[in-house]
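J.: Dropping a structure here in structure tokens format, bear with me for questions.
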Amino acid sequence: MGIKHLFQVIQENAPDAIKAGDIKNHFGRKVAIDASMSIYSFLIAVRSEGQQLMSESGETTSHLMGMFYRTLRMVDNGIKPLYVFDGAPPKLKSGELAKRTARKAEATEAHEEAKETGTAEDVEKFSRRTVRVTREHNAECKKLLKLMGIPYIDAPTEAEAQCAVLARAGKVYAAASEDMDTLCFEAPILLRHLTFSEQRKEPIQEIHLNRTLEGLGMDRKQFIDLCILLGCDYLEPIPKVGPNTALKLIREHGSLEKVVEAIENDPKKKYVIPEDWPYQDARELFLHPDVREADHPECDFKWEAPDVEALVEFLVKDKGFNEDRVRNGAARLQKNLKTAQQSRLEGFFKPVARTDEEKASLKRKHDEKLQEQKKRKKEEAKAKKEAKAKPRGAA
């Protein structure tokens, strides 16, 4: 799920943190990819007539089709992908996972009913809601990656957190995931839409954490508190607290402790904190996740030549893929992984940190922009009020 409405908050309040561009812009870069999120998206998106792709023996192959061709697309564009798989989820996440399981069970029931009485659209809608990444899906994708010569590692817990460690250490350029909580784990750069199909024509979103914090006028701890208020995988959100209110509360009070205190002491009781809401534990999971350091032996990885005949055996003979396409893909892998070895010019230079004066200037511009937005909203509200009060037929 990630963080509810976080992209919207960044887009509206720290627009300079987001850069949209073509996949070709990332030529020569190594990227750590959240594998589980990618596989989930493949199971949902790679379909035929609303149903997941199947082999002749009735096995699902959408995850393998997506993994093979989307990885090929990245390598064709000079990107060197590293996939990171989830480990065991943190205990605090079990409540959210239980809710997801219950929702999927309801969707499965609704899917069966829709097949009997509903439209084709109903069937597809509920079918997508039943999707779950299994151990078998993960195991088959790992086997495929190994045969393709693409490295992968297993995270102790959250894949996004492990991707962030590798990005901070400079072993990869960025972490790639659709989950915005990757920023909470201190990934310097988050790439979104990297594993989308070319047909969707979605630009790659590049989100910079330092510019996000500067634009919001927050430190990392306050940013995490904001994300918890918005709604994360570990806790249910506070009812009636939307993105604008969450941002206002953190800016006004500075921390979740003070936000909770203000809510509990509010005589109007406008908001109610859920009974079991261990926000400090959630914050700790973001600040100190269970990860392996970048120099750990299990974080070593390298790209190798694909095993063409084993790929054909697995994808063509076992899973029913087209042999010509698989062999063509393997040839592209061999050629383009060598090409991706070329270094980008940016690798020879270190970015220059902003001075205190530059940071102060940015903050001042941001505050002025906020004041201008508030002023404009007041004027718009006043104009609407006057328009409503104006009698009909008046000139």
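Including glycine, each Cβ sits where the backbone N, Cα and C put it.
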J.: Say Swiss-Prot lists D86, E158, E160 as binding Mg(2+) 1: which of D34, D219 is in the same site, per that record?
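T.: The candidate from D34, D219 that Swiss-Prot ties to Mg(2+) 1 along with D86, E158, E160 is D34.
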J.: Among D154, D225, D233, which residue shares the Mg(2+) 2 site with D179, D181 according to Swiss-Prot?
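T.: For the Mg(2+) 2 site that includes D179, D181, Swiss-Prot also lists D233.
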J.: Return only the integer: C-alpha distance in Å from R70 (DNA binding site) to E158 (Mg(2+) 1 binding site).
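T.: Counting only the Cα atoms, the answer is 22 Å.
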J.: Would you mind checking how many other C-beta atoms are within 10 angstroms of the C-beta on D181 (Mg(2+) 2 binding site)?
T.: 24
J.: Measuring C-alpha to C-alpha, could you say which of the binding-site residues D179, D181, D233 are within 10 Å of D34 (Mg(2+) 1 binding site)?
T.: D179
J.: Can you tell me which of the binding-site residues D86, D179, D181 is spatially closest to G231 (DNA binding site)? Compare CA atoms only.
T.: D181
J.: Which residues, same chain and not among D34, D86, E158, E160, have a CB within 8 angstroms of the centroid of the CB atoms at the recorded Mg(2+) 1 site?
T.: S36, M37, V84, A155, T157, A159, A161, Q162, C163, S177, D179, T182
